[in-house]
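As written in TrEMBL, here are the features:
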TRANSMEM  B:12-39  transmembrane segment
DOMAIN    B:69-274  domain 'ABC transmembrane type-1'
TRANSMEM  B:75-95  transmembrane segment
TRANSMEM  B:102-118  transmembrane segment
TRANSMEM  B:124-143  transmembrane segment
TRANSMEM  B:155-174  transmembrane segment
TRANSMEM  B:210-232  transmembrane segment
TRANSMEM  B:253-274  transmembrane segment
Amino acid sequence: MDNTKRYERLRERYMNGDLDRRKFLGLIGAAGLAYGLHTPFARYAHAAVEEVRFDGWGGVVSEAFREYAFEPYTKETGIKVVDGTFGGADEYLARVKASQPGEYNIAHLSGVFDYARYHNLGLSSTLNEDNIPNLQYVIPKLVDVFRGVTDGKLSCVPYDYGTTGLAYNRKHISDEEMKEKGARILIDEKLKGKIGGWSDWRTRIWYASLQTDQDPNGATDMDAIWDAIRTHRDLALKYWGSGAELMSLLAEEEIYVTEGWSGRIYALQEQGHDIGYMDPPNGFGWQECLFVIKGSPMEACEELLNFMLAPETSIAVAEGQNYPPALDPTKVDLGKKIPTLPAFDPTGKLAGLTFANPDYWNSHEQEWSKTFGRIQKGY
Amino acid sequence: MSVEAREARQPWLLLSPALTAVVLLLFVPLAFIVVYSFWLRTATGADQAGFHLDNWNEALTDPFYRDILLNTLKIAGITTVVCALMGYPAAYFIARSKGNKVILLLLLMLPFWISYIIRTMSWINILGVSGAFNSVLLSLGIISEPVQMLYNETTVILGLVHFLLPFMVLNVYVSLEGIDETLEDAACSLGATRWKSFLEVTLPLSLPGLAAGGLLCFVLGAGTYITPLVLGGPTDAMFANLVFEAIITQLDWPLGSALSLMLLAVLGALVLIYNHYLGMAQLMKGLG
């Protein structure tokens, strides 16, 4: 029974003489008071699920999300997506740590080690997978890795994958030279002052592992790795800190070679820059996920995740951001552009990519990030 | 309540909103930072509450932090000297100009309307390999290939001077404005040359403004982290970058708190020394 019906019945009883005027007005007043108290709080309660905050990497990636995912999602569901950006997972984690539960909802995290790190800090949630039917289209290997971290449950859905490979200016470095030198080109004296590098300690250690012929997921000679990082530092012009800076340094020819994110390099190539891209053996593969942070409105978040995983949305975002989607190519037709993207695996098994082992990297995170911070500054 | 008591209470009542804001926005966060500096970071990145001196021990005894702090003070010092050398003539010109002071002051304030980060990044388009400066030199045939000018200590100082110069000019200008111009004329009438009257009369009287500008430039320069991040090379970090890294990259808030308090103590000591010898009044005039 709605309120209008209740009022009509009350009025009818009053008109029939079943209620005296004082009692009728008293009941009307009580109803008004209850409504007045209820409505403002109801508004706040609804407001909590009227919007969901999403934080991502900015640049072309965020543009793709806005155009292909958030705007259509808001149009269809009425739930607004508050779109934020961050420069890196470390910076974002610091912000989340300083926030109140529920302030940040979904993050576009990179790497399983970040997933494990967030989980270890008590920031993971538990998704109700029944609310995300489109999860069935995702490459199983990508999902299983996350389940392994969170006891078979999920706090995220895999969304895309890519590599951090070697990007080089073809005017100054040939494809043959790149193939011959591989990761060692980043410590080539000949290119002093024209080498760049990401200021991320994991990437630096990964590439130093390759330069010293060690397993990037199980290096045994850390002294050799630190020496290789020092050599790279002394030859480098600049450590870059964001995708935009990476693209600018390469496009302006401030640097000729660096590691780079496959999607960003593809974007440069699309803009007409003669930039080559190569994944060396054991190159750095990663997968990105949409992580739901503890304290978020779960149903609204799950609805957004399901919407974003829908093949038409996922493919459109992938084409916009130039990273292959997590969708299994054996289950979903991914169109024409995606098979041309760097790192794309048509088998859906991803056997050719080496991903970071979260246990290995997270167990050394405290020590290595600090040591790299010192070496980076000349020590 | 007596009239005297009411009058004594009135200033405090009027000041109470500002005092509340200062306590809530400055002293309370500072107290949090002090408390944090005695905590520890666990292996997972979570903080462990308690009273531990490990962070302070590391911050005060590790030569890494000492060296970066000294380098930061050196860069801030050079920046301050360059600002003084460039800012004084500009302030003198504005103070002594007739009629167009407002326009000149407006031009001085103009950079503040643009974001500091954008202003810093603009140097990339000026000094970059394909930037304006290299393009001009190439087109004039002075160089045959672009010169690498960015991402070193010099560009960090350049960026800081760009950022801080208006603070210096404003402080010196305020000081020069307060000097009676007839004093210079009087010195000249007694036989001093213009240059001598400037050296003997104007410069000594404007020193408080120069010192206030110097203090502002030094403190702001020593606390910056954006400029070295954007314009510096791999080894051009300043102390604030260490704080940023400890808190953001390493998620070590306790150590980051100790480092930030260390920087605060060094710069605070400088302000106290300044206050002891010159007082804060001149600085307030410049900021006003």
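The backbone N, Cα and C atoms fix where each Cβ goes, glycine too.
Bear in mind that the values here come from a model prediction, so they are computed numbers and not experimental data.
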May I ask whether the transmembrane segment (B:12-39) has at least three C-beta pairs under 8 Å with the transmembrane segment (B:75-95), counting pairs 6 or more apart in sequence?
no
Which sequence-distant residues neighbour the transmembrane segment (B:155-174)? Criterion: at least 6 residues beyond either end, Cβ under 8 Å.
75-76, 78-80, 82-84, 86-88, 90-92, 94-95, 105, 108-109, 111-112, 116, 119-120, 123, 127, 149, 206, 209-210, 212-214, 216-217, 220-221, 224, 227-228, 230-232, 236, 238, 282-283, 285-286, 288
So what's near the transmembrane segment (B:210-232) in sequence-distant terms, Cβ-Cβ under 8 Å and 6+ beyond its ends?
72-73, 75-77, 79-80, 83-84, 87-88, 116-117, 120-121, 123-124, 150-153, 155-156, 158-160, 163-164, 167-172, 175, 238-241, 243-244, 263, 266-267, 270-271, 274, 278, 282-283, 285-287
